[in-house]
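Visitor: Right, I'll just put the structure down here and ask away after.
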Amino acid sequence: MISTVHPRLRPIRDKVEAGERLSLDDGVLMYENDIPLHDLGALANIVRERWNGSFGYYNINTHLNPTNVCVYRCTFCAFRSDLRDPKGYVMSDEQILARAQEAVDNGCTEMHVVGGLHHQKGYDWYVNLVRIVHQAHPQLHLKAWTGVEINWFEFLTKKPVKEILQDLIDAGLGSMPGGGAEIFHPEVRDKICEHKSDARNWLHIHRTAHELGLKTNCTMLYGHIENAWHRIDHLNRLRELQDETGGFQTFIPLAFHPENTGLSHIQKPSALMDLRTMAISRLMLDNIPHIKAYWIMLGIGTAQAALAYGADDLDGTVRHELIYHDAGAVTPEILSVEDIRRLIEEAGRQPVERDTLYHRVERDPANPTQWSVGEPVGVA
Ligand code: V47
């Protein structure tokens, strides 16, 4: 029982303590500046500990962005390139397989694959990438292609989403990352990424993935031109889909990084805004088991603090990240396992290595690159 909260938060405190759902108005209220951040942290921590006790999760993973050439021109993106821009690249099958080999040699359990929508690459190129990596390294989990990419494949093939996802599952897809959600509301979406998958399509793709038994993640890009109401509307759409399917594993709030983007005049959100959004996400998304503090994007200090503001997961050790580093992130490109475990312990949490589907990972101490999958994590 939390006895002292800001008077305007008392009804919300009572609902959180009773395990009742917060309304959209509650969500918008929590974004008001006079609502103390530490009160939100304490409330979010109740929900966090209900789901995940004092565990702080991480995984050992790598990123693969096979091309940055993209037909879309999302104003917030610093990663994309035109075909003839000197910055543009496309990886060969050999380079992709070398990355997968490097990942396995370093004990990675997951490869997170996303990239541009290259108009000279057909659907088969994207399916083949999954197939060749999976065939070479069946134990490496492929978390690949966002809802936006799947929507592009629909355009390329004119096939139903279900068939596309089934092709990818047959090729070795393990789950889908949460990117491409940005802000669902058309008042914002039409200004920052008008051409790509709209909210209805993004949600339909994730619903279909869940129906096929695929777990997926979800995200929200905040701190640009949206307001509090747009954010709460976004969280509510995710919460409603999760009520239907239960297929989301983790939500990742993504702080906008302005450098080298079409929105470079906007200030990066403050650490206070990051922690507020983390806490509000945990409180609103009462039905999603995990909230991730993606350290690459938040910075190490804020990510550590976020473990007391609703987050239970720091993502991974991460190799070869480009999307945030192109947009001005100053975080290192990789953390060692020792570092990430220490960060979690310093935050007063118990570090647990998980796989992509949130099972404990057991490692052979004599040969730590060898691993096996243990019990599901969590307490709820
Ligand atoms: O969809 C792009 C965002 C996303 C910028 O599922 C930007 O486990 C801020 O979704 N500033 C891709 N954000 C990253 C992503 C993700 C990351 C970590 C883990 C998982 C997961 C998913 O990055 C894009 C977009 O929303 N993004 N550019 C930028 N300048």
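Including glycine, each Cβ sits where the backbone N, Cα and C put it.
The domain 'Radical SAM core' feature in TrEMBL is assigned to 56-289. The [4Fe-4S] cluster binding site annotation in TrEMBL covers CYS70, CYS74, CYS77. The feature S-adenosyl-L-methionine binding site is assigned by TrEMBL to PHE76, GLU182.
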Visitor: Taking the center of the Cβ atoms of CYS70, CYS74, CYS77 at the recorded [4Fe-4S] cluster site, which other residues in this chain have a Cβ no more than 8 Å from that point?
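Guide: Neighbours found: TYR72, ARG73, PHE76, PHE79, ARG80, GLY116, CYS193.
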Visitor: For the C-alpha pair, I'd like the distance in angstrom between CYS74 ([4Fe-4S] cluster binding site) and GLU182 (S-adenosyl-L-methionine binding site), rounded off.
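Guide: Each residue's Cα considered, CYS74 ([4Fe-4S] cluster binding site) and GLU182 (S-adenosyl-L-methionine binding site) end up 10 Å apart.
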Visitor: List, in sequence order, the same-chain residues at least six positions removed whose CB sits under 8 Å from that of CYS70 ([4Fe-4S] cluster binding site)?
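Guide: For CYS70 ([4Fe-4S] cluster binding site), the qualifying residues are CYS77, ARG80, SER81, GLY115, GLY116, LEU117, HIS118.
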Visitor: What is the total of other Cβ atoms whose distance to the Cβ of CYS74 ([4Fe-4S] cluster binding site) is within 10 Å?
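Guide: Result for CYS74 ([4Fe-4S] cluster binding site): 22 neighbouring Cβ atoms inside 10 Å.
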